[in-house]
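Per TrEMBL, Zn(2+) 1 binding site is recorded for Asp131, His133, Asp197, His375. According to TrEMBL, the feature Zn(2+) 2 binding site maps to Asp197, Asn237, His339, His373. Taken from TrEMBL, the feature disulfide bond applies to Cys21-Cys84, Cys49-Cys58, Cys146-Cys151, Cys152-Cys170, Cys299-Cys347, Cys490-Cys494. Residues annotated as domain 'Saposin B-type' in TrEMBL: 14-94.
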Amino acid sequence: MIFLLLSFLSLSEAGQSCSSCKVALTSYQVWVNSDKNTNRLTNFINYICSETWAPNNCFPFLSSILPELNQAIQQRIMNPDRFCSLINACDTPVYTKENFTAWEESIMQGASEYFEPTTGESYFNFVQLSDIHLDMKYVEGSSYTCLSPPCCRGSSSSTTSCGKWGNYNCDLPQGTLDNVVTFLAAQNLDFIIWTGDTAAHDISLSKDEKLNSIKSVTNLLWSKFNNIVPVYPIFGNEECYLDHQYNFIGTNWLSSGVATLWKSWIGQTAATNLQNYGRYSLIHRNTNLKIVAINTLACDMNNFWLLSNATDPGNNLEFLRSELSNAEANNQYVYIIGHIPPASDTCMTLWSKHYQVLIRRYANIIRGQFFGHTHNDEFRISRAQDGTPIGLQFFAPSLDPLYYHNPSFRIYTADYLSKSMINYKQYRMDLTDDTPSFYEAYEFKDYYLVNNMFPGTIEKLINGMKNQEMIMMKYLTNKFTASPATPVGCDEECLSDTYCEMAYDRPDTIRKCKGLLQSPVEMILEYAYGSWIYKS
């Protein structure tokens, strides 16, 4: 087909090359999508999955992912308008590479110097739940050893039996989630943020099963809180079918499904935005606090649908810019919630760079950035162009115990006047105890011996950790939720690397601080997604 395309171009007169190119590309797409080629792809998948080394879930995985990859490539690389323009066969439309510096300068217009907020005497509390990974197939007493976690699903075992509350080799049982929600129902809360990854780590789950996991947690929270304590949720990568695969083009089954489930909490307008675009904003009732829930699958380099368009997928960042601009004009403060942290090494660098510019521009109204995904208890410092600390990304640890994490949730205390963070209490359940129960693991200010949670104060804290193993181990104990995965010590390299992770909020600046290069796989993926291109 490439030969056919080139033939069209070489045989066409100059005035006809555009139409000839588009005819060739359209013919190519018809050929690719023909029954004969579909059968070839199915035969290829059958051949690969019949090999002895192929995993059990080989066929359902490849039969889903390969057609999606093919469609994504057609939507972008083999799109007639785009391809024929890029090889100069057509004069229109024009595809132009973004000038990031010019965009940054336009965004930063009107920015004021960052200042620490003034706090009052009135406070409010809210909860962050993240990475629940509810396993609706969990069986107490079954074996926690299996070929492919999550385990705790098979027959009973007398020597490797899963406990009532969970196991480090398994996803979360229903009873542990019930325990958390019952505890929270007794607290004085203004609202709950729920930052995604609700389904179990099970590639065989269908769309309906993933949505049922979300529905189960939604119903549980509604039964305890109704709309008296509203819940502000956003989905993560595990709810997608397949994991990480979210198509921003057209109607998406996941965002449509959760919009219906969550409408009673977030309202009709936000639910419509969630259904159509996978993100939303709202004003927390009777306050000047705006919640902006962004769809971070737009930056997920494991989301291969981005091959069809990696230029601000779903207009998430343009949406965020608009919401921040409106909040600034209306004297509102903003909490940004999402699943994958922009500082994560799985978030595409170019997307993260754009996000960071927005944080810099609106630092004086952004009072919190709340994410999950890593399952660890962490934070990152956001900085101005000159390096001044101007904000924090909070990574809440998971409720899910899989991969050696003690089930955890967090209660923040914020200032009613400025909406800035005053403190938080971290709760966890130690699964190594004979009778596990949730307890207050630490209170941030008391544990780290700081007077406030302003970014400048946190920078002084991590500067003190940088060369002090004893202090750094306090942080690492929390990072790994005091589980058996917690390191026993932190040598010079560990001290330096952990400092770099805390000190910056972009994957490329963290790597630079560590003296590392991007991994070959990440480099290939970023290259495949390419620069941001605009059509005119």
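Cβ atoms are placed via backbone N, Cα and C, with glycine included.
It should be emphasised that the depicted structure is a prediction, and the values quoted were computed from it without experimental measurement.
Here the candidates are the recorded positions His133, Cys151, Asp197, Cys494, and by Cα distance the one nearest Cys49 (disulfide bond) turns out to be Cys151.
Cα of Asn237 (Zn(2+) 2 binding site) to Cα of Asp197 (Zn(2+) 1 binding site): a span of 6 Å. Apart from Asp131, His133, Asp197, His375, the Zn(2+) 1 site neighbourhood in this chain, defined by C-beta within 8 angstroms of the site C-beta centre, holds Ser130, Ile132, Gly196, Gly236, Glu238, Gly372, His373, Ser398, Leu399, Asp400, Leu402. When each of the disulfide-bonded residues Cys21, Cys494 is scored by how many other Cβ atoms sit within 10 Å of its Cβ, Cys494 comes out lowest.
The predicted model assigns the domain 'Saposin B-type' (14-94) a mean pLDDT of 77. When DSSP labels each residue, the domain 'Saposin B-type' (14-94) comes out as 60 helix, 0 strand, 21 coil, counted as helix, strand and coil in that order. Considering only the recorded positions Cys58, Asp131, Cys146, Cys151, Cys490, His339 (Zn(2+) 2 binding site) has Asp131 as its nearest partner by CA-CA distance. Around the Cβ of Cys299 (disulfide bond), the number of neighbouring Cβ atoms within 10 Å comes to 29. Per Cα geometry, Cys170 is the residue among the disulfide-bonded residues Cys21, Cys170, Cys299, Cys490, Cys494 nearest to His375 (Zn(2+) 1 binding site). Shown in sequence order, Glu469, Met472, Met473, Leu476, Thr498 are the residues of the chain, 6+ apart in sequence, with a C-beta less than 8 angstroms from the C-beta of Cys490 (disulfide bond).
Apart from the site residues Asp197, Asn237, His339, His373, the chain places the Cβ of Asp131, Thr195, Gly196, Phe235, Gly236, Glu238, Thr296, Ile340, Gly372 no farther than 8 Å from the centroid of the site's Cβ atoms, the recorded Zn(2+) 2 location.
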